[in-house]
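Feature list (source: TrEMBL):
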| type | residues | note |
| --- | --- | --- |
| BINDING | GLY27, ARG30, ARG111, ASP154, ARG157, ARG160, ARG163 | CTP binding site |
| BINDING | GLY27, ARG30, ARG111, ASP154, ARG157, ARG160, ARG163 | ATP binding site |
| BINDING | ASP40, ASP42 | Mg(2+) binding site |
| DOMAIN | 22-142 | domain 'Poly A polymerase head' |
| DOMAIN | 169-224 | domain 'tRNA nucleotidyltransferase/poly(A) polymerase RNA and SrmB- binding' |
| DOMAIN | 244-388 | domain 'CCA-adding enzyme C-terminal' |
Amino acid sequence: MNEMFKNALPVLKRLEDEGYRAYFVGGCVRDLLLDRPIKDIDIASSARPKDVQEIFPKTIPVGIEHGTVIVRHESVSYEVTTFRKEDEYKDYRRPSKVWFVDDLKEDLSRRDFTFNAMAMDISFQLIDHFGGRDDLERKQIRTVGDPNLRFSEDPLRIMRACRFMSVFNMAIERKTEQAIKEKACLLSRISTERIAIEFIKLLQGEQAGSVLKFMQERSVLNHLPTKLQEKQSDLYKDFDWNALESDEQRWTAILLLSDVSDDRAFLKSWKLPNHMIKKVEKLMSAYGIISWRKMDLYRCGLETAISSITLKSAIEKKDNAEEIAQLKQRYREIPIKSRKDIPLDGQDIIEITQREPGIWLGKLLEEMEKKIVEGELALNSTALQDWVKRWEP
Ligand code: ATP
Ligand code: MG
């Protein structure tokens with residue numbers, strides 16, 4: 001039995017002992033059937049939030065109005081959500097109203113895709129009202145109910161469908177596909193942050209390239225926070241997305257392959273956090289370096305340099321092991337990794353030279369640093385002091 005499910009069992013059992021029904025639901029059931037790593041265990045129950053809070057000693061009320069309480073059990077968090085249904089999505093961001101219901105099937109029917117609408121009881125019996133297991137076997141993505149309606153209710157599901165195509169290497173059922181094309185324009189009503197979360201998960205998936213092409217052909221890419229257009233046809237499809245190792249590499253790849261006039265404005269339009277924007281900008285400028293001299297390597301750092309090589313070989317679809325090995329060797333040869341590694345600091349230099357502090361000091365330090373990095377000046381106090389004494393502004 002899967003460890004995570006086993007560890008969660010006492011929580012479900014406790015709910016049942018108290019006279020409520022409780023099931024494993026959603027992503028965890030899907031991932032178990034797919035034999036993929038399980039991220040977290042979600043539980044659906046007939047118990048109302050206040051009941052859950054009374055039953056368990058450690059709870060966190062994360063979304064009581066939507067029926068969700070976190071139960072802490074043996075240092076693991078479980079989201080326990082009351083069976084619910086939602087009425088129409090008025091602002092496209094969150095359900096305008098949530099109703100608690102007594103029926104598991106009703107709860108499952110509001111879920112997006114058939115494979116996300118399965119449940120499992122405490123004896124690991126699968127409850128599958130909408131043919132989710134069949135769809136998993138056929139590797140097919142299909143909405144629960146009429147896809148046009150389901151995408152109109154919540155257009156984010158369009159992005160989720162694309163994300164699942166990429167991550168699970170699945171195809172899309174014909175009517176669901178048709179509805180994606182028809183409803184893609186509704187994505188403009190969804191918050192940028194929610195789209196960005198699905199988009200980056202999509203780029204992490206093994207089929208990112210072909211799914212981007214799919215999205216282009218069904219004009220989904222036109223309705224993202226900033227319209228995405230590749231610089232030349234098939235760039236997205238031919239790019240080796242699986243070679244990438246981080247989200248900053250993925251965003252940089254999007255910039256490199258797309259027709260973008262202002263990188264900063266583009267990244268901001270996706271509401272990416274500032275630390276991510278900075279990393280992407282750094283990687284973009286590293287990407288421009290063709291041959292890595294020691295000083296470039298010292299300034300950028302080894303990690304960014306390797307990232308830029310990774311991106312280049314993902315575009316050219318060639319192996320980069322040799323190039324990275326050389327880069328690492330060259331980096332090892334640099335005697336210092338930052339200014340802090342220089343045995344003399346500003347104060348020492350002022351004492352040696354007996355000069356008044358001024359802009360000359362910055363210039364001297366910079367020159368000294370460069371000479372050390374390039375191996376023209378030995379990294380020992382005597383040599384450095386001699387050099388400082390002889391230094392002319
Ligand atoms: P992940 O592996 O990223 O956690 P997930 O499918 O579990 O994927 P969650 O956002 O954790 O995604 O959602 C949990 C469950 O809630 C889903 O499996 C699905 O049943 C339901 N769900 C999530 N988002 C939606 C949505 N936009 N519309 C309908 N149901 C949804
Ligand atoms: Mg989940």
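From the backbone N, Cα and C atoms, a Cβ is placed for every residue, glycine too.
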Number of Cβ atoms other than its own within 10 Å, given for ASP154 (CTP binding site): 22
ASP42 (Mg(2+) binding site) versus ARG163 (CTP binding site) - Cα distance in angstrom: 20
Contacting binding-site residues, sequence order - GLY27, ARG30, ASP154, ARG157, ARG160 vs ligand 2, Cβ under 6 Å: GLY27
In sequence order, those binding-site residues of ASP40, ARG111, ASP154, ARG163 whose CB lies under 6 Å from ligand 1: ARG111, ASP154
Nonlocal residues around ARG30 (CTP binding site), in sequence order (Cβ under 8 Å, 6 or more apart): PHE115, ASN116, MET118, GLY132, LEU136
Largest tally of Cβ atoms lying within 10 Å of a Cβ, found at which of the binding-site residues ASP40, ASP42: ASP42
CB within-chain contacts under 8 A for ARG160 (CTP binding site), separation at least 6: ASP112, PHE113, GLU198
Rounded Cα-Cα span from ASP42 (Mg(2+) binding site) to ARG111 (CTP binding site), Å: 13
Fewest other C-beta atoms within 10 angstroms, as judged across GLY27, ARG111, ARG157, ARG163, which are the binding-site residues: GLY27
Nearest of the binding-site residues (GLY27, ASP154, ARG157) to ASP42 (Mg(2+) binding site), judged by Cα-Cα distance: GLY27
Distance from ASP40 (Mg(2+) binding site) back to ARG157 (CTP binding site), taken between C-alpha atoms, in Å: 20
Helix, strand or coil at ARG160 (CTP binding site) [DSSP, three-state]: helix
Residues of the domain 'tRNA nucleotidyltransferase/poly(A) polymerase RNA and SrmB- binding' (169-224) by DSSP state, where helix covers H, G and I: 42 helix, 2 strand, 12 coil
